[in-house]
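Structure, as structure tokens:
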Amino acid sequence: MSDHGRMHIPESGLATPAAAHSDDPPHPHFNRRVTSFRARRSTISDAQQATWDRLWPELGRQVRDGDAPAGRLDTTPAGRLDTEAWFGRHAPVVLEIGCGTGTSTLAMAQAEPDIDVVAVEVYRRGLAQLLSAMDREGVTNIRLIRGDGVDVLTHMFGPDSLTGVRVFFPDPWPKARHHKRRLLQPDTVALIADRLRPGGILHAATDHMGYAGHIAEVGDAEPRLRRIDPDDAGLPISTARPVTKYQRKALAGTEVAELLWEKTTP
């Protein structure tokens, strides 16, 4: 474990009316499959709702939901996200799957103003907190998608389109009977590898060592990815996460595994 509480897993041959707005996750209409997120209810404040109403039409998208306007999202290959039009510039794009309340998302975007970040989260409350922080801090290089990360990868991005994919502290689903719900499975990692451009980075972090071993095994088994060290120089995106509540746990003695791969082949 490093001075920052990071643990490197050795390469293996193994493993979202005012205060009562609902936060039910969107229905996964695209893929009738086991999902990695849990059902959850929460609310957003009046102030957050006001910010949402003002900014979401410009800065947010929804994969699909029973309440989504018809035609809001064209999911044909020709209708994938036009990130240059959305951000208003040509820049490398990083996709963060499961941004939570956006603490890392905001800080890393502020540190890399030349990188465009698309943050995906199922739960509206987390996106509302991030949207309010973006507004307060004047951060312009983040866009938000509410929905399932696998649906986003499948329908909204094409091959070789991403400079980075970040998956920080995904639900470990620790019980053996729930392991099938884990986000980072072979099929998902293969999809990520397809969407990364050559030289692009997959960066995963977890404080659950059982899941870390699983992620290591799955990532190392993907032939288009090569394990790299988080401190390697010359990477196209930063791998320095801010000190979040998860990092504070690490400094208190809970190890955090940082796992990175580079896409080496098309």
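Note: Cβ is positioned from N, Cα and C throughout, glycine not excepted.
In the record from Swiss-Prot, residues Glu121, Asp148, Asp171 bind S-adenosyl-L-methionine; the candidate from Glu96, Glu112, Glu137 listed for the same site is Glu96. For Asp207 (substrate binding site), the spatially nearest entry among the binding-site residues Glu96, Glu121, Asp171 is Asp171, judged by CA separation. Compared over the binding-site residues Glu96, Asp148, Asp171, the count of CB atoms lying within 10 A of a residue's CB peaks at Asp148. Reduced to three states, the DSSP call for Glu96 (S-adenosyl-L-methionine binding site) is strand. The local packing around Glu121 (S-adenosyl-L-methionine binding site), expressed as other Cβ atoms within 10 Å of its Cβ over all shown chains, amounts to 28.
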